There are 2 protein chains.
Amino acid sequence: MTDAATSIRVPRNSVADAALLADFLTMSEFGATPAGGVERQAATAEDGHTRAWFAQWLTARGFSVSYDRIGNMFGLYEFVPGAPYVLAGSHMDSQPRGGKYDGAYGVLAAAHAAQRLVQYYSTGAATPTFNIGVVNWFNEEGSRFKPSMMGSSVFAGKIELETALCATDPAGVTAQQALIDIGTISSNDVFGAGTGRSVACYAEIHIEQGRELDKGGITLGLVDKTWAANKYEISVIGAQAHTGATAMVDRQDALYGAALAVVAVRELAERYGEDLHTSCGQLTVYPNSPVVVAREVHMHLDLRSPSDTLLDEADAVLRQEFAMIELKADVHIERRYAHTWKGHTYQPEGVELSRQVAADLEVSQMLVQTRAGHDSTNMKDIVPSVMLFIPSVDGVSHAENEFTNNEDLVTGVDVLTETLARMLEGALNP
Amino acid sequence: MTDAATSIRVPRNSVADAALLADFLTMSEFGATPAGGVERQAATAEDGHTRAWFAQWLTARGFSVSYDRIGNMFGLYEFVPGAPYVLAGSHMDSQPRGGKYDGAYGVLAAAHAAQRLVQYYSTGAATPTFNIGVVNWFNEEGSRFKPSMMGSSVFAGKIELETALCATDPAGVTAQQALIDIGTISSNDVFGAGTGRSVACYAEIHIEQGRELDKGGITLGLVDKTWAANKYEISVIGAQAHTGATAMVDRQDALYGAALAVVAVRELAERYGEDLHTSCGQLTVYPNSPVVVAREVHMHLDLRSPSDTLLDEADAVLRQEFAMIELKADVHIERRYAHTWKGHTYQPEGVELSRQVAADLEVSQMLVQTRAGHDSTNMKDIVPSVMLFIPSVDGVSHAENEFTNNEDLVTGVDVLTETLARMLEGALNP
């Protein structure tokens, strides 16, 4: 048995809790929407303002702030010159009319946890093995520039830097230019070859974006698995015609074909119960005139499953369905994989570490899987990583009415702080 | 029997034909697209350039050019001071990536016919009862500003001037401002109360935009009926959510609801064979992010039928279908009538007049109905009107590959010239 009283480095402190909640309110004013959400898509002015505020916050507390070549933002604090870093963070960018907790809470939680640990270790109570760093990953959301999780994907070597920098938003602006515009990009990296810095392990805390914790009345989710995902870019190609004059039999209506595809994608999920999530969130019609039969439709589809096998099966079914739609609507469908990842497990040692911390802090916990991708999905493939969830009321996410209770926000920071402390002392890198 | 030799005022003339085709080529350069179409939506710079060129054309041939308060453009020529006018024309605005014949041919045909008649009557060969005017109606297409047939609808008193002027394009620019920007709007009207001018009757020639003439090898369509149409603005309202994390059962996916509606609208047509044309050409998703379940979709639906009764029945079926979709997709659907018109007949005297002209000119002809709305659909409700069609190869329209043979273009002008001559001499206003 662990002695909880002695194992907790930074006990709960109401002054620190109040500071966290006050900072969260301040941060939520950047890009605030009337309905209580935020809109600060990657490398927009609003994202830039949030980053500038956060840089000031970090600097004022003794962290050294720097950016890498894909605009990831780091706040570093050195305990042991030259030692590897324990990194913690998430992302401050949001969806259009998104929620204020998604990502942003995780970055602020990491910053507060790191600050508490800097204070704790400065007392000489213990000696950490590693240094600590806070990270705000660039463009996790992928709404402005595709793919999502861009910053951590480049960091983990999963996509090429050049590919990411050249991604364009709907107005044709590149990610590189947008990052230059807000002044948060560098010509050098912060970690990796030539920097003299390396990462020992990673931790991230995030709202659940589902309702398992909320329904079960559980405070902490220990993420042990991530769902597999297939994201597709679809073009449905028909022929432009007059909506009134053209005979129905002569039509090659790209929007009719696209609508059949959207319905097929939804009904595909119904075959598999909740083991397959499917969606089309983005659909654009050309020329999109009320009296013109559409010549082309572009769509972005999203299929996710806890099972790689089931996802492969769904992919094959979808291919057949699309072939039938091509015949039915007299259109051509082009299908490209935009982004795919297999289902993976997080390192069991990390799950066990956070389970032990929750037990020591007497915080209720359960194992959960993440259906959404997170930056930790990338980081766990290069270093030992811990992913923690706190509840989302009613599971609402990517919406302005996303909500998490203050009590859960502060408990999450307590758990993260203790987890990071044990990581700093070598729990995941023996 | 009419003696064809003596009844034709302006015999075919290869110099005049060449002038028509040359002018058509010149006109088609305004807003020309690489694939052979044109893009000059209402009151854009391209529409303005076309209008400026046409004003110069008219002025150089003795017509007096003026604009009314909704930007309809008139070229007037007075034979009999104070007498009413025989008007002829169509529209020069196009769809996005539209065809070069749709509307524009009809305006140019009217101008060439009017010019020939000015020359003819100046010889003193006969004395017209009326004056002649060429008209280029504003915003027939309705792609930039809704509703379509805007200029002729205001002219015929079917929609309020203020309503039309306040219509906005997707960028929020009003029709009034756009017309001011291209300089083709006046603070006075050209016809009607206080102007001292009135319209005796109206003629319009247009490409068929269907394939009946082309399939039958017939040169001239005499339009005796117009299809009824219901145009709807639809809002599908759901709730924004995460495409990956949100459980399928919890989703209120506005795009899924919209896709079911698009499919239902298409399948509605299949119940009625070719007696019902249905379409959704415009569909916009909010927020349209690849990883966000859509909170709202706006659509524009278009239902047309030769039968008012059938259209009413289809309207009722659609209402039921939408109620089922609301349950199935857990969304709310709002349905507004944006523009509706009943099926109507053109005046039989006008049809008979053009039939007689075709016979005298030995041009093959048949009765056809128009499925598309035209400015003559409005004009026929206020004055006797004649509507003529020439063939569209393969029925292609609202597309860049819209095509009509030169032979049909010149024959159309011959028929229109003779029809206008007989109207000027009182054939429809005895």
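Using the three backbone atoms N, Cα and C, a Cβ is placed for every residue, glycine included.
Note: A:Asp102 (Zn(2+) 1 binding site) has non-local neighbours A:Ser94, A:Gln95, A:His206, A:Ile207, A:Gln209, A:Ser397, A:His398, A:Glu402, i.e. same-chain residues 6+ apart with C-beta under 8 A of its own C-beta. What TrEMBL records for A:His91, A:Asp102, A:His206 is Zn(2+) 1 binding site.
Classification of A:His398 (Zn(2+) 2 binding site) by DSSP places it in coil, neither helical nor stranded. Around A:His398 (Zn(2+) 2 binding site), taking its Cβ as the centre, 31 other Cβ atoms fall within 10 Å, counting all chains. Here TrEMBL flags A:Asp102, A:Glu141, A:His398 as Zn(2+) 2 binding site.
Same-chain residues at least 6 positions away in sequence with a Cβ under 8 Å from that of A:Glu141 (Zn(2+) 2 binding site) are, in sequence order, A:Gln41, A:Ala42, A:His91, A:Asp93, A:Ser94, A:Gln95, A:Gly98, A:Gly103, A:Ser148.
The Zn(2+) 1 site is set by A:His91, A:Asp102, A:His206; from the centre of their CB atoms, other residues of the chain with a CB within 8 Å are A:Ser90, A:Tyr101, A:Gly103, A:Ala104, A:Tyr105, A:Gly106, A:Glu140, A:Ile207, A:His374. For A:His206 (Zn(2+) 1 binding site), the count of additional Cβ atoms within 10 Å of its Cβ stands at 29 [all protein chains shown]. The secondary structure of A:Asp102 (Zn(2+) 1 binding site), as reduced to three states from DSSP, is coil rather than helix or strand.
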